[in-house]
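Participant: Dropping the structure in here first, questions after.
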Amino acid sequence: MPRLAMNVQYASEWDSLPNEKQFRKWARAALRVDTEATLRIVDEEEGRMLNRDYRGKDYATNVLTFPLEEEPWLVGDIILCAPVVAREAAEQNITLESHYAHLTVHGILHMHGYDHEDEHQAELMESIESFTMIQLGYPDPYSSEKRKR
């Protein structure tokens, strides 16, 4: 089983944030290789600044991933924007815990090189996310979208 070294930083005092043990459990479930990650929970201002500075998009997004190194361990940062995650969970009528789990898995997969830039890549990444979420005991985050395709 791949090893995980994870530092969780709470830079946002948002309500109902998962604890470090939960984040580590979700990240471990998606690991493919030994990984060292920093997972940072941010407010909307920091999320917007990071998205603007690194992606050229002037809004806060739910998750950003910054892979930094590949050898000998995969190293990178995952940023979760607490207000955006909470808003999306409410809009999608899903639990906040489930949405945090999904976005943590999603971020780890991005660190591992998975992407959703074209339909084939998106289908592969989504299938891994769906499998991982079900293994963790959560609903398939794409089940309603798959029915629409």
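The backbone N, Cα and C atoms fix where each Cβ goes, and this holds for glycine too.
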Participant: Looking at Swiss-Prot, His106, His110 are annotated for Zn(2+). Which of His116, His120 sits in that same site?
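Facilitator: According to Swiss-Prot, the candidate sharing the Zn(2+) site with His106, His110 is His116.
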Participant: In the same chain, outside His106, His110, His116, whose C-beta lies within 8 angstroms of the Cβ mean position for the Zn(2+) site?
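Facilitator: Output for this site, in sequence order: Val63, Thr65, Gly107, Leu109, Tyr114, Asp115, Met125, Glu129.
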Participant: So what sits near His110 (Zn(2+) binding site) in its own chain, CB-to-CB under 8 Å and at least six residues off in sequence?
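Facilitator: Once residues fewer than 6 apart are set aside, His110 (Zn(2+) binding site) is near Val63, Thr65, Pro67, Ile78.
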